[in-house]
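*Asks:* Taken from Swiss-Prot, the feature active site, proton acceptor covers E41. If you look up Swiss-Prot, you'll see K110 marked as active site, proton donor. If you look up Swiss-Prot, you'll see C146 marked as active site, nucleophile. Residues or ranges marked as domain 'CN hydrolase' in Swiss-Prot: 1-239.
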Amino acid sequence: MKVQIYQLPIVFGDSSKNETQITQWFEKNMNAEVDVVVLPEMWNNGYDLEHLNEKADNNLGQSFSFIKHLAEKYKVDIVAGSVSNIRNNQIFNTAFSVNKSGQLINEYDKVHLVPMLREHEFLTAGEYVAEPFQLSDGTYVTQLICYDLRFPELLRYPARSGAKIAFYVAQWPMSRLQHWHSLLKARAIENNMFVIGTNSTGFDGNTEYAGHSIVINPNGDLVGELNESADILTVDLNLNEVEQQRENIPVFKSIKLDLYK
């Protein structure tokens, strides 16, 4: 499976400019060999929290329409990061994915809001865990958002249910880059799966984002990584490595869920 990871410099509070940028990246970099494209967290407006009432998408209307067009045009699955999204008069940080036929194949509201950013004052937390879902080729994957990375429990269910890739879409700060590397590697090792961390880069107010989008294999080895610059990472994944690792280290056969509280 060939995956392209878009490490974008999100334009703060301007969904139109961000859509234009994404469109240009597709036009310049897309080719028929790519199976999946991945975008970062909150790519429509960034963390312009105080103005999301006016700027957030409405029930994924514009964001889905935009991504659907790209998926159908380029015949590629898109793990479409996440966007600020108003639904039932509440604002969510909503991740979604669209297959190459233009179908919405996943939607997930960020469960864990970041207290350090006072997200709870502006956003509503999701009430459902991330689910496994199928890409066009039948591969089961799952999609989580940024701060979710610090909660290993959230990935356990989709991993045990057969997901072979975990996509963490993020706007992760430079000040915690060490945590980014360590936590992504841990999630890959403990679940015997590929983990792909897609981050943004540049500045959002006083916050510098770390970049360093990264792919880790089921053994915890580095497959590919960007630096802090805006760029695209393209990797080829051998998904047979997941089954091989799960046979070699059968953690899900050893797990004792009845003992855990």
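From the backbone N, Cα and C atoms, a Cβ is placed for every residue, glycine too.
Have a look at these and tell me how they're positioned relative to everything else.
*Replies:* Under the three-state DSSP scheme, E41 (active site, proton acceptor) falls in the coil class. In this view, E41 (active site, proton acceptor) is surrounded by 26 other Cβ atoms within 10 Å of its Cβ, with every protein chain counted.
For the recorded site, K110 (active site, proton donor), the DSSP three-state label reads coil.
Note on C146 (active site, nucleophile): other Cβ atoms within 10 Å of its Cβ, all shown chains, come to 25.
Looking just at the domain 'CN hydrolase' (1-239), the mean pLDDT is 97.
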*Asks:* Counting every protein chain present, what is the number of Cβ atoms, excluding its own, within 10 Å of the Cβ of K110 (active site, proton donor)?
*Replies:* 25
